[in-house]
């Protein structure tokens with residue numbers, strides 16, 4: 001035994017090289033075998049393997065040749081600095097021309113809705129600038145590069161087939177992954193656990209996701225991923241390492257967990273950096289509650305996209321609302337080490353993640369109980385007040401709708417839907433996003449059922465475009481309940497910054513809210529939701545009017561699909577989803593001579 005130990009200590013490095021080499025060889029052989037059997041089925045595994053290989057090689061090259069690579073780019077950096085006076089004007093002119101051309105061609109193709117969203121984006125940037133803490137000290141590089149990052153991400157995800165398919169596939173995989181929590185919920189609560197949907201279906205997802213995130217932190221994957229995303233934002237936007245890492249971390253974790261990544265540096269940050277840290281927390285949602293919103297029926301692909309796009313948006317609004325006026329202590333040259341997980345093994349990490357979720361689950365449950373009860377009381381009181389003036393319909397949602405209606409319209413929401421979205425924004429701001437997403441899910445389910453759009457003059461659901469924009473606008477923790485959570489959480493981490501935290505928290509909440517609105521504006525400019533509307537709903541809405549609607553591309557496609565589906569059928573109304581008015585309208589639009597119309 002002693003000789004074996006001595007041999008191992010002497011050749012430890014070589015032995016581990018052999019073990020790693022063997023494991024990698026076996027894994028690559030398995031990937032090749034899977035691809036040769038069925039490449040389409042093994043495509044996700046192949047893509048993951050390529051990405052992992054690329055990043056391993058990238059990290060190796062950066063660690064070994066970082067100084068040489070930096071030295072190679074030094075002459076280019078010096079040249080750009082010398083010529084920057086006229087280069088910046090060339091870049092500005094090119095960007096302005098590009099935006100104008102894009103708006104002209106896109107408006108001609110998609111319609112004028114995109115122009116409203118673009119106007120809303122400009123309006124929110126101007127409002128942030130006008131009410132900035134130091135308007136004359138605003139650095140415009142983070143602002144324009146952050147908005148540019150949003151556009152690039154939005155175009156890749158929402159306008160390209162590959163990007164849309166990738167995020168749609170990710171959304172489906174996450175939904176499938178979250179369904180594994182049903183096994184634990186069924187064992188603990190019994191087979192009829194879905195009878196109490198929120199308590200026994202939604203909340204166990206939060207526990208499961210918290211456990212998984214804790215395990216990923218323990219193995220170091222989350223630190224690596226957050227570091228890569230933060231590095232990209234730091235390079236492109238020119239923000240400091242602390243605020244970049246926290247903004248990247250908020251894509252995956254909550255507003256009180258992400259500052260823990262840079263805990264040793266929080267006492268050293270400037271007021272602007274601290275404001276950016278808080279804004280990042282308000283403008284995004286945690287991965288644990290993301291699963292809960294998906295279980296409501298909110299599209300997973302749009303929630304994922306909103307989480308990613310809001311990270312650069314948070315830095316844009318924070319740098320506009322509270323510009324940097326001090327010299328940051330922690331910079332690129334001083335380096336930055338992220339805090340590590342304290343668990344000793346995987347089992348402890350998983351158990352700790354589950355235990356940590358207890359407070360989160362209890363917090364969600366008691367807040368919803370208290371908020372919904374309080375909301376019912378407020379609605380009853382307002383209805384009583386309204387009845388004194390012959391307006392018993394007065395309630396909290398109506399008041400919020402009137403307040404937020406202009407803001408929702410400027411995001412690109414259809415005018416007839418802006419009242420509903422305004423109410424959702426009120427729920428999110430004064431209560432929390434859980435209440436708002438629960439209301440939004442009901443509207444989505446009503447649309448999918450394809451019932452009547454109006455009942456007693458009250459709209460029952462919105463267009464898909466309005467739903468998508470609302471999904472992006474609600475995707476953040478910016479509410480008054482989170483305000484106390486952030487102040488308490490950050491004060492416990494950095495007691496020396498208590499005064500600065502309390503003084504800047506409210507401004508950070510406003511900046512976080514506007515960051516979500518800006519993300520919704522970008523989504524409104526890029527989303528093409530008409531293809532997502534079921535044809536029977538589209539035709540039903542179009543032909544329920546007294547006048548024949550305009551002959552649009554979507555109507556023609558749906559009518560063609562309707563007639564194609566009955567070419568080989570002798571039934572008059574196959575499918576059952578299409579009303580008589582839909583058939584009559586399609587006959588008038590296409591002038592169909594077939595038996596379907598006669």
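Cβ from N, Cα, C; glycine included.
Per TrEMBL, the feature transmembrane segment maps to 17-39 (among others). Long-range neighbours of the transmembrane segment (17-39) within the same chain, counting only residues 6 or more positions beyond its ends whose Cβ lies under 8 Å from a Cβ of the stretch, are 45-46, 49.
The transmembrane segment annotation in TrEMBL covers 45-63 (among others).
Feature annotation from TrEMBL assigns transmembrane segment to 84-105 (among others). Nonlocal intrachain contacts for the transmembrane segment (84-105), taken as residues 6+ away from its ends with a CB within less than 8 angstroms of a stretch CB, comprise 114-115, 118, 144.
Look at TrEMBL and you will find 111-131 (among others) tagged as transmembrane segment. Under 8 Å from some Cβ of the transmembrane segment (111-131) lie the Cβ atoms of residues 103, 138, 143, 147, 316-317, 320-321, 409-412, 414, 465, 469, 511, 514, 517-518, 521-526, all in the same chain and six or more residues away from its ends.
Look at TrEMBL and you will find 120-191 tagged as domain 'Concentrative nucleoside transporter N-terminal'.
As annotated by TrEMBL, transmembrane segment applies to 138-158 (among others).
If you look up TrEMBL, you'll see 197-219 (among others) marked as transmembrane segment.
Marked as domain 'Nucleoside transporter/FeoB GTPase Gate' by TrEMBL: 199-297. The domain 'Nucleoside transporter/FeoB GTPase Gate' (199-297): residue composition by secondary structure is 81 helix, 0 strand, 18 coil, according to DSSP.
The transmembrane segment annotation in TrEMBL covers 231-254 (among others).
The transmembrane segment annotation in TrEMBL covers 274-296 (among others).
Look at TrEMBL and you will find 302-524 tagged as domain 'Concentrative nucleoside transporter C-terminal'.
According to TrEMBL, the transmembrane segment annotation covers 357-378 (among others).
The feature transmembrane segment is assigned by TrEMBL to 469-493 (among others). Residues 117, 254-256, 259-260, 263, 266, 274, 277-278, 281-286, 298-299, 302-303, 305-307, 309-310, 367, 408, 411-413, 421, 424-425, 428-433, 436-437, 440, 462, 501-502, 505-506, 508-510, 512-513, 515-517, 519-520, 523-524, 527 of the same chain lie 6 or more positions beyond the ends of the transmembrane segment (469-493) yet place their CB under 8 Å from a CB of it.
Look at TrEMBL and you will find 505-528 (among others) tagged as transmembrane segment.
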Leading stretch by Cβ pairs under 8 Å, where the reference is the transmembrane segment (274-296) and the options are 45-63, 138-158, 197-219, 357-378, 505-528:
505-528
Going by DSSP, how much of the domain 'Concentrative nucleoside transporter N-terminal' (120-191) is helix, how much is strand and how much is coil, in residues?
61 helix, 0 strand, 11 coil
Quick one: mean pLDDT on the domain 'Concentrative nucleoside transporter N-terminal' (120-191)?
87
